[in-house]
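As written in TrEMBL, here are the features:
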- 32-52: transmembrane segment (TRANSMEM)
- 72-95: transmembrane segment (TRANSMEM)
- 101-122: transmembrane segment (TRANSMEM)
- 134-160: transmembrane segment (TRANSMEM)
- 157-450: domain 'Na+/H+ antiporter NhaC-like C-terminal' (DOMAIN)
- 189-207: transmembrane segment (TRANSMEM)
- 228-249: transmembrane segment (TRANSMEM)
- 255-273: transmembrane segment (TRANSMEM)
- 307-327: transmembrane segment (TRANSMEM)
- 397-421: transmembrane segment (TRANSMEM)
- 427-447: transmembrane segment (TRANSMEM)
Amino acid sequence: MNKQPRFLLALLPLLSVIISAAYSIMVWEISMFLPLIIGLAVASLLGFLNGYSWDEIQNFMKNGVSRALPAIFILFVIGTIVGTWMLSGTIPTIIYYGLEFINPTIFLPTVAITTGIVAISLGSSFTSVATVGLAFMAIGSSMGIPSAHIVGAIVSGAFFGDKLSPLSDTTNIAPAMVGANLFDHVRHMLWDTIPAFIISLLLFWWLGLNRSTTNLQNDKMNEIMDGLMNSFTIHPALLLLPFITILIIAKRYPALPSLLIVSTIGGIVAFFVQGSSVNEIMTVMTDGYQANSNSETLNSLLTRGGITSMLSTIGLVVIATALGGVLEGTQVFTTLLEGIIAKIQSTGSLISTTILSTLVVAFSCGEQYLSIILPARGLVGSYQEKGINPKSLSRSVEAAGTVGINLVPWGVTAVFISNILQVSPYSFIPFIFFAYLVIAFNLLYGFTGISITRTPSNSLSAATSLKESV
């Protein structure tokens, strides 16, 4: 007979991931594949000891991975977009004009704002990181700005935009899980998102204070700009490609075909503007762009993209989602949530429990969707009992699930960002100011009652029906 594990036993998979991750960093000096596999093995063994058959455990893995298939295919296509945008000269053009016009003192706030606007328009943090984020990474590195600071600004902006965009999948999932209206949910998120982002901008501005380029850095920037002019046709018209991308996504066509169109347009631009051959276009889509200029610095900045560059990230996605499927199927998450829910006494403890449970799921499996779905489903009844509008629940799980997931070094988002921008998660996580602040504002509102609205009786009935249906 299948049993639900006791609370202390349910902690074992999470602890095994965290401990083995610590060893991977400090002792083994390896990637996160092994810690996640260890966590998967521990979770599977725990399920087996609680009466689940191997076939059932395998099905849990399949269910977990199947949820990630759309994201996996999108990652493949993002790899091709990076390659064709490099070959077409789009990213090099952004880098060139960025070096020419952006002041180093306001560079980091500019990065966060611009990346945020792109992410709101696209509804995708991943696409904005892999396109304009990659260009800003090259610009900032050329200015001598620490890589961790640049990534912190890119990620803060990208997930600010992702969080508020009605086009974003997570922005739609969170209210759907609790029975809240999408636009009520987005408006409610302004309470935590806007002040958190403003303070983040001030912190990035503070990091850039008194920063000016030295003669050595000016020489480096000139070297890169000369290298770009010699390697590509640089023209303002190439900046139209990002705007075309925004228009395509804004039409709300399905994400995968839309991104395939964007990648194809990049290849067409490379063919007609840069004179690239069809073979070159296919090569960069598969293996990425290989820069071959006289500048080693420029080569290291531009050698990016391709389907093959996404394989390690996709491998981690598969293992992480398989782990999440086992933890969900064997009721490990249910046990953890029940243990946390039992401590709820006040509105403040309910909001903090929501944040904590979302982060527990995030650190257990590193997967964004489960981090939102499971706490939202598990806690909707508690919000109903306290008469709190479910949009406060959807706002809290978005804060910790959509944005807070970036604080998990082995999480899918952190690994993707690290792979695209070539910076270790352990370097940039301390500088994702937006992630810390948006969680802090939710906790503040929970304990002070600011922006916490009560649920009308008819909404309570709807919430009850939702709870019974899930």
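Numbering starts at 1 and runs along the chain as displayed.
Glycine residues also receive a Cβ, built from the backbone N, Cα and C atoms like all the rest.
It is 72-95 that, among the stretches 72-95, 189-207, 397-421, 427-447, forms the most Cβ pairs under 8 Å with the transmembrane segment (228-249). Below 8 angstroms of C-beta separation, residues 13, 17, 31-33, 36-37, 39-40, 43-44, 47, 57, 60-65, 67-68, 71-72, 75-76, 78-80, 82, 285-288, 333, 361, 364-367, 370, 410-412, 415-416, 419-420 of the same chain, each at least six residues beyond the ends of the transmembrane segment (307-327), sit close to that stretch. Confidence in the domain 'Na+/H+ antiporter NhaC-like C-terminal' (157-450), given as mean pLDDT, stands at 89. Recorded stretches compared: 32-52, 101-122, 255-273, 397-421; the one with the most Cβ pairs under 8 Å to the transmembrane segment (72-95) is 255-273.
Note on the transmembrane segment (427-447): residues 112, 147-149, 151-153, 155-157, 159-160, 163, 191-193, 195-197, 199-200, 203-204, 346-352, 355, 395-396, 399-400, 403-404, 406-407, 409, 414, 417-418 of its chain, located 6 or more positions outside it, place their CB under 8 angstroms from a CB of the stretch. Touching of the transmembrane segment (189-207) and the transmembrane segment (101-122) is concluded from the presence of at least three CB pairs under 8 A, sequence neighbours closer than 6 excluded.
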